[in-house]
Amino acid sequence: MGDGGSGESPGEAKKGRPKSTTKAKESVLKQKSPAEFFAENKNIAGFDNPGKCLYTTARELVENSLDSAESISELPVIELTIEEIGKSKFNSMIGLVDRVRVDEELYEDFESAKAREKRLAKEARFQEIQAKNASLGKKVKEAPATKGIKGRGEASFFKVTCKDNGKGMPHDDIPNMFGRVLSGTKYGLKQTRGKFGLGAKMALIWSKMSTGLPIEISSSMTGQNYISFCRLDIDIHRNIPHIHIHEKRDNKEQWHGAEIQVVIEGNWTTYRSKILHYMRQMAVITPYAQFLFKFLSDAPDKNVTIRFARRTDMMPPVPLETKHHPSAVDLLLIKRLITETSKQNLLQFLQHEFVNIGKAYAERLIGEMGPEFSPKMSVKSLTSQQIVRIHQLFRQAKFDDPSGDCLSPAGEYNLRLGIIKELHPDMVATYSGSPQVFEGHPFIVEAGISLGGKDVKQGLNIFRFANRIPLLFEQGADVVTRTALKRINWSSYKINQAQDKIGVFVSIVSTKIPFKGTGKEYIGDDISEIVSAVKASLKQCCTQLKSKIMKRIQAREQQERKRNLKRYLPDAVGAVHGVLREMANLQTSKKRRYEGEEADVLQKVSAHAITKEILQEKLAKYVEQVDYEMALEYAMQSGVSKGPRETIFIQPLEAHHNFIDFHGSSCVFRLIL
């Protein structure tokens with residue numbers, strides 16, 4: 001028993017033995033690819049839910065097509081087709097055989113016997129109440145729609161196809177243009193339609209997540225005798241394209257452009273109106289484009305075909321890429337410009353990498369930076385502290401504002417034409433402001449206001465555009481909405497905000513649109529320069545409309561006055577003719593004698609040369625003449641009183657000419673001798 005001196009029982013020994021601790025897992029740093037990040041945060045790019053995904057996919061494809069056609073100054077012709085795909089057809093596309101349900105209770109839409117009995121009893125009670133109400137002569141309510149339970153697996157799938165007549169894409173670049181996130185041609189400083197630079201890449205990511213099917217691209221550039229066809233999907237974790245087919249095919253019709261086809265999960269029912277509103281508003285802001293929209297379904301009554309015809313061939317100029325303004329750069333951007341510049345010294349770097357810095361001003365800036373800076377010093381040798389000093393000086397120094405030459409607004413003519421084409425208003429006014437600047441970025445505000453029209457509701461109907469694309473979501477917080485609702489006194493312009501059908505159109509273009517929110521769906525009203533520009537543009541339109549409304553009111557009053565005069569004309573003529581006959585009788589009976597013109601008139605009355613009919617005809621002509629003279633006098637007065645004159649001259653063909661200027665109330669006409 002000596003060797004058992006511990007005195008512990010086997011059970012106690014087992015209980016008191018320390019447990020073997022598992023080795024703690026070491027934390028491993030993981031890196032996400034850009035594609036993986038956007039796949040996990042797809043709501044940032046506008047892919048919140050299946051319905052929004054369908055809308056955003058269509059929008060991205062249409063905007064890419066517009067950019068492609070405009071880049072080669074080709075009038076855009078764009079066809080967008082959304083085809084609904086049933087479950088059986090989708091399964092056949094992916095090689096999946098339909099399977100009959102075996103265990104019904106597994107499914108969300110399963111209805112138990114108890115639930116079915118309860119539902120039928122409820123329907124029976126409702127029918128009994130309806131019959132009782134009908135017998136008593138009371139109003140019979142409609143039967144409530146039965147709410148079917150739609151399981152998560154019963155998704156709707158759509159094939160979205162967009163075809164254009166743009167410049168197409170180089171054959172070898174297609175895989176990376178669609179299968180590699182954050183790689184593209186729109187990352188310079190210029191006005192672009194895109195919000196994130198993702199384009200159709202996000203549609204491909206959503207297709208990968210919802211259907212697993214690849215995207216198909218057909219493309220041909222001008223003059224090419226082949227069509228590039230590519231079927232690919234994306235390796236989300238590695239952010240590289242996975243190519244299925246990439247080949248060249250015959251281009252017998254010499255077509256140029258691109259056709260993109262993608263199959264995604266979506267919801268047409270909830271986002272039908274948004275997609276149609278988007279197409280309509282796009283037709284407003286781009287009247288030089290021709291759109292054909294189709295929705296195809298197995299149910300013929302659900303099919304939709306809408307053609308938005310072209311109304312002009314005047315296209316805005318292509319936006320130009322510009323250099324950065326010194327007041328709009330940060331430290332990271334300065335460092336990137338230093339890394340990418342081809343200039344050797346600091347003086348050349350300041351002159352050529354930024355706008356509005358000439359040689360003399362660059363030398364003054366370098367002198368202000370301190371003794372450790374010199375014009376000839378290598379820009380690549382700048383230390384972090386020296387770069388911070390440059391950034392601080394950029395924020396404090398005065399620079400000329402950037403010009404708006406790099407911007408491409410729709411143009412007042414196109415905006416007016418688009419409004420008239422799509423809304424058919426009774427009256428419209430447009431205004432295009434001059435370029436202005438916020439935080440070193442140029443911007444232009446264009447505005448239009450319409451009254452009346454087709455499919456326009458009473459009250460304010462607000463249409464917002466940023467870099468010539470419609471904004472349909474989060475309208476309440478937008479600078480345009482808040483300005484129209486709170487900063488414009490509509491009644492002072494003879495416009496009834498509650499009862500009139502008012503269309504408010506505002507388009508803002510800039511090298512940097514100050515979007516708010518993760519989805520970039522609205523422009524905040526915290527930038528005073530933009531708020532002032534939007535308000536001024538809308539007030540200019542209101543002033544134009546007030547003039548037209550006043551003229552319409554005066555014309556209406558003139559018509560009312562003429563109607564009143566014509567209404568009382570027979571009574572007045574009868575009274576006058578009665579007085580004249582009485583006077584003629586007095587002269588005939590020699591009770592009273594009249595001389596001169598009065599005697600001649602009374603003699604004609606007695607001889608029936610002046611009758612009631614003749615008097616009525618003469619008086620009606622006189623009323624017309626007086627009314628015309630009053631209207632002409634008002635028009636001349638109002639024309640003279642309208643604001644300051646703006647002298648407009650047509651540029652002469654040669655440098656020197658003799659000429660005579662004829663000054664009118666609203667213009668100056670120059671006659672070249």
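Cβ from N, Cα, C; glycine included.
Given the structure is predicted, the values throughout are model-derived calculations rather than measurements.
Features as listed in TrEMBL:
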BINDING   Asn64, Asp164, Thr185, Lys186, Gly194, Lys195, Phe196, Gly197, Leu198, Gly199, Ala200, Lys201, Lys520  ATP binding site
DOMAIN    402-561  domain 'DNA topoisomerase VI subunit B transducer'
REGION    1-32  region 'Disordered'
PLDDT averaged over every residue in the domain 'DNA topoisomerase VI subunit B transducer' (402-561): 90
C-beta crowding around Asn64 (ATP binding site), within 10 angstroms: 21
Number of Cβ atoms other than its own within 10 Å, given for Lys520 (ATP binding site): 20
Neighbouring C-beta atoms (10 Å sphere around the C-beta of Ala200 (ATP binding site)): 22
Number of other Cβ atoms within 10 Å of the Cβ of Leu198 (ATP binding site) across all protein chains: 24
